[in-house]
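For Arg117, Tyr119, Leu134, Lys136, Ile143, Ser144, Thr185, the entry in TrEMBL reads FAD binding site. Positions annotated as domain 'FAD-binding FR-type' by TrEMBL: 60-168. Taken from TrEMBL, the feature transmembrane segment covers 9-26, 32-49.
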Amino acid sequence: MPESLLSRAYVDGIYIPVGLLVFGTAIVKMEWLPYAVVLGIILGVVKYFRMAPKKVLKPDAFQEFALTEKTIISHNVAIYRFALPTATSILGLPIGQHISIGAVLPQPDGTSKEIVRSYTPISGDHQPGYIDLLIKSYPTGNISRHMASLGVGQTIRVKGPKGAFVYTPNMVRHFGMVAGGTGITPMLQVVRAIIRGRAAGDRTEVDLIFANVTEQDILLREDLDQLAAEDKGFRVHYVLDKPPAGWTGGVGYVTSEMVTKCLPKAADDVKILLCGPPPMVSGLKKTTEALGFKKARPVSKLEDQVFAF
């Protein structure tokens, strides 16, 4: 998606052709110049709207997108890239929301049943033409196992957006985030949006605790470390249940002490975001309440101080 009216796409696609039309007319017949200018403006406006990205998500209807690329991360984790209808298409997914993926899958009793699960893309609307999904396949997972079995050219069914959380710049002074495993995806979506918005005045601070079992389980670590190195307003704190020798990060489950040390203190302009295994999220809701944050609701609302995806 062109980011500026002075971008190369607009220069090559609109300004140069319109300029040539006007300039050529002036050379051939000067009295036709006013008509050429009007025609050039009309053609330029038409081309501008044709170049504008088209949002494709529908909240009440599934659409099929074809797999174009699969990047293996580990034995059970991969990034799946699906093509959108055109090179300028975008999902139209607000930052903080997710999509539903559905598939009709065979059941143990011989019948078939439509299974639907929610996922947060690791790509965004600033990247037109495709969506990237980071998915960990589990032996008992319906959709995750189905995704792992897909070959290039096969399709998935997608609808959305879904979710109660929508990020807006400077909605809070400081985010404290705790993610476990693939729960990193909505956090990464918000962090990237904040950092992209720095030039426009987004001053939001972010501290992220990312909990995993082993060091090999840390998904997208290079991306997170690079973002932290590039942006002084974002810090990531790793916690491992089974750390290797010499590990200097956190060890064990995410504790009250870790939250106190790494995340912002309770305040009206602070929000805690949680995403991960249900036992972890449930425990952290109690932990944050004990640390002075407002009690988290069973189903989170946007205005909640402690929000669980």
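Every residue gets a Cβ built from N, Cα and C, even glycine.
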Same-chain residues six or more away whose CB lies under 8 A from the CB of Leu134 (FAD binding site)?
Ile73, Val77, Ala78, Ile79, Ile122, Thr182, Ile184, Thr185, Leu219, Leu220
Report the mean pLDDT of the predicted model across the domain 'FAD-binding FR-type' (60-168), rounded to a whole number.
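Mean per-residue confidence for the domain 'FAD-binding FR-type' (60-168): 94 out of 100.
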For a quick check of understanding: given the listed FAD-binding residues Arg117, Tyr119, Leu134, Lys136, Ile143, Ser144, Thr185, what is the maximum Cα-Cα distance in angstrom, as an integer?
17
Report the residues of the chain - excluding Arg117, Tyr119, Leu134, Lys136, Ile143, Ser144, Thr185 - with C-beta within 8 Å of the mean position of the site's C-beta atoms, for the recorded FAD site, in sequence order.
Ile101, Leu133, Ile135, Met147, Thr182
